[in-house]
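Everything below concerns the one structure shown next.
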Amino acid sequence: MATTVHLSSFSLFIQSRGRRDNSISSVKSLKKRTGLSPSSALTSQGGRDMIPPEGKCNDHNSAFDFKLYMIRKAESVNAALDVSVPLREPLTVQEAVRYSLLAGGKRVRPLLCIAVCELVGGDEATAMSAACAVEMIHTSSLIHDDLPCMDNADLRRGKPTNHKVYGEDMAVLAGDALLALAFEHMTVVSSGLVAPERMIRAVVELARAIGTTGLVAGQMIDLASERLNPDKVGLEHLEFIHLHKTAALLEAAAVLGVIMGGGTEEEIEKLRKYARCIGLLFQVVDDILDVTKSTEELGKTAGKDVMAGKLTYPRLIGLERSKEVAEKLRREAEEQLLGFDPSKAAPLVALASYIACRHN
């Protein structure tokens, strides 16, 4: 590992001041933030709260065709992303950007942004620039995460990673370019559609989600945690990593959806909590899949977290208890949607179930 981070920085980080008002202020306040304490997620009896067996994953909301909804939203997002990154000089970096950005993927984050915007009274067109911005940043983070100095991954979305095709130098530049493009795209395309004060808030929310109070913090602690003895690391430590590294961008996607749709402060907080729950859920399931599925099924290298000595939920609490945590988080996410129009909330209920039951 080329990057060395000392674990003492973890304790210093969580004691630091100056975080955003709505940020995760301490790994010990998980219950306050999401309604789920580390221990409460492990209290299901007799395995009854585990992830539903294959074939039953759609029972939570069988009347809503989430598969069709997801396909249609992904098509809309893909078309908007394609237009946002035309081929132009310098061609090599533009090709590298397009290679990763248009490589497919589930588009969970832009879908979340759009679904939330529609939930609070907005529409897809109003949310699309923010949805694309979130996906650009997500792709940027994947390009950088896959680098040899980070996770050293060879496959992403079933294809060779960006640095394997274009080289490490070009991959770094492509990731940087996507990060800058995200903010330019959201502000320029939304001009005239969203009030300036709301756009300023959206920019701040997104910036905080990916900086040292968000994604960067999670990645730093993740790197520092490699090869740690799981017996000496608590569940709160792992949740801190993933509330920042994974959930922070999902949280931003949801909050941006509310902002773009003209939602209220109360709606922002409810959907912020929903996103935190599905963010943790996404990572728990990701850890489970890493040790239960093949490389072909995942579209990325299976077992790489184990080989890298990373902290994961199965490593820390075991496979069965990880499944219990996942189901608990799914239910907690759905509870945040109570009080909304059920028909408009249906995509978000189905999204939580989809994340819990996905196979890649």
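Each residue, glycine too, has its Cβ placed from N, Cα and C.
Taken from Swiss-Prot, the feature isopentenyl diphosphate binding site applies to K106, R109, H138, R157, supported by similarity to another entry. In this structure, K106 (isopentenyl diphosphate binding site) belongs to neither helix nor strand by DSSP; it is coil.
Positions annotated as Mg(2+) 2 binding site by Swiss-Prot, on the basis of similarity to another entry: D145, D151. In the three-state DSSP scheme, D151 (Mg(2+) 2 binding site) falls into the coil class. Note on D151 (Mg(2+) 2 binding site): other Cβ atoms within 10 Å of its Cβ, all shown chains, come to 21.
Swiss-Prot lists D145, D151 with the feature Mg(2+) 1 binding site, giving similarity to another entry as the kind of evidence.
Swiss-Prot lists R156, K245, T246, Q283, K300, K310 with the feature dimethylallyl diphosphate binding site. Sequence-distant neighbours of K310 (dimethylallyl diphosphate binding site) (same chain, 6+ apart, CB under 8 A from its CB) are D222, S225, E226.
The annotation compositional bias 'Polar residues' is assigned in Swiss-Prot to 36-46.
Residues or ranges marked as region 'Disordered' by Swiss-Prot: 24-54.
Residues or ranges marked as transit peptide in Swiss-Prot: 1-39.
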| remark: Cβ proximity for H138 (isopentenyl diphosphate binding site), under 8 A, sequence spacing 6+, ordered by residue number, returns R109, L249
| Taking Cα atoms as reference points, which of the binding-site residues D145, D151, R157 is nearest to K245 (dimethylallyl diphosphate binding site)? | D145
| note | Taking all protein chains shown into account, the Cβ-based neighbour count within 10 Å for K106 (isopentenyl diphosphate binding site) is 14
